[in-house]
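To start, the structure itself, in structure tokens.
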Amino acid sequence: MFRKVRGFRDIYGEEIGYWRKIEEVIYSLSESFGYSEYKMPVLEKAEVFDRGIGSTTDIVEKEMFAFEDRNGDLLALRPEGTAGVVRGVVENKLYAGSGVKKYYYYGPMFRRERPQKGRYRQFYQYGVEAFGSASPLVDAEVIQLLCSFFDKCGIGEFLRLEINSIGCPECRPGYKNKLIEYFSKYEKELCEDCKRRLSTNPLRILDCKVPGCKKVASDAPVMIDYLCSECRKHFDSVKYYLEISGIDYDVNPFMVRGLDYYVRTAFEMITDKFEANSTVGAGGRYDGLVKQLGGPDYPGIGFAVGIDRLVNLIKEAGLTYEETLDIFMVMFPETVDAGLKLLKSLRDENWGVDMDFELGSMKSQLKKANRSQASYVVIVGEEELGKNAVTLKNMTDGEQQLVLLDELKNILSQKL
Ligand code: ATP
Ligand code: MG
């Protein structure tokens, strides 16, 4: 017997109902906001992620499934979506022409982390990326899409939105020096990771979860007090547009994205239903990233949502999304010809239809119909066929009626 690889998992059965519901929301909602799907490869040159995510990040330092291909190329399974989409935008010259380009993606990502609840080595993300405009209206739209997504999944009330501005290449360096100056005074109290971050990535110390670091960080200078006038204006506009769209938010000055190409707006959707893994979705503006990956100066902003954690959250919230069967068809050896034709014509109408391959007794088939939780049963019996009809049984109230074959579809479409 074979076993799956550690940190990977199978998803099937009842669990699939949640995934299907979420996937429907992903496709319909993204498209209603004018985003079109982007399917990028699961495998890229490792350098795309080194450059696109940053070589000092946890993802690239410790978590990538990277390997040398037979021809010597260094490849990696994608640990997130943005770097691949941006690589595609540059390679396919999608920055050409005017107008905003809005894309969304959905699919598996791979990170070699320590497996635990809500943390897998293959997990799924839904994300969007909007390119070509630096307007705060885009920030507000992307955040609104993120909030609507959770609302449509039925769990908006369990989440809160936190936003921050992390400045730009104009105002951040000065702030960064102030931060290094501050943390240097408390170096002995910082964790090992943060001691290292002090020289590589000091902003990251602000969102370290280690209690000692948290305590020191609580009095640290924060970026929003040092924004340049352009960044301040941008942040104020984003907040204004969120307010007029009726979106509640908290400003969290300690939230950082920590990477150099991120500018201005950063945001997270947080739940208190999990203790350890509380962020279900996060995003930010990355105006420098397209250039970083070899393209022109081309602004962008996006978010990514972890679907595995979302499913856990939906379950914990007690919501159920059952996949229901519309029709169970009962037929017998002597009526199977007419039965199969009818089955096909009902499936052609996009109803969910199933049958019993054993063609058992009426009693055993009705038992199976019950178990299938179908809304209706269509019985194709010899007697009924003699009258060019079938029996239609409503499984909710048990009521039965004889329905002419010619009228069956009409009647079902009123009911389903
Ligand atoms: P964390 O701080 O929990 O490690 P992250 O900052 O690494 O999260 P992002 O890179 O921002 O996460 O990815 C966005 C979302 O993807 C996360 O909020 C989370 O919901 C999900 N995610 C990230 N890593 C995993 C994982 N290993 N398993 C399941 N979901 C994940
Ligand atoms: Mg992580």
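Here the Cβ of each residue, glycine as well, is placed from N, Cα and C on the backbone.
All annotation found in TrEMBL is predicted automatically rather than curated by experts.
Annotation source TrEMBL lists L-histidine binding site at Glu80, Gly81, Thr82, Arg111, Gln125, Glu129, Arg257, Tyr261, Tyr262. In three-state terms derived from DSSP, Arg257 (L-histidine binding site) belongs to neither a helical nor a strand segment and is classed as coil.
On the 0 to 100 pLDDT scale, the domain 'Aminoacyl-transfer RNA synthetases class-II family profile' (1-333) averages 93 in the predicted structure. Taken from TrEMBL, the feature domain 'Aminoacyl-transfer RNA synthetases class-II family profile' applies to 1-333.
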If you count the C-beta atoms lying within 10 Å of each candidate's C-beta, which of the binding-site residues Thr82, Gln125 ends up with the smallest number? Gln125
When a 10 Å sphere is centred on the Cβ of Glu80 (L-histidine binding site), how many other Cβ atoms does it contain? 17
Let me check the 10 A CB neighbour count of Tyr262 (L-histidine binding site). How many other CB atoms are there? 24
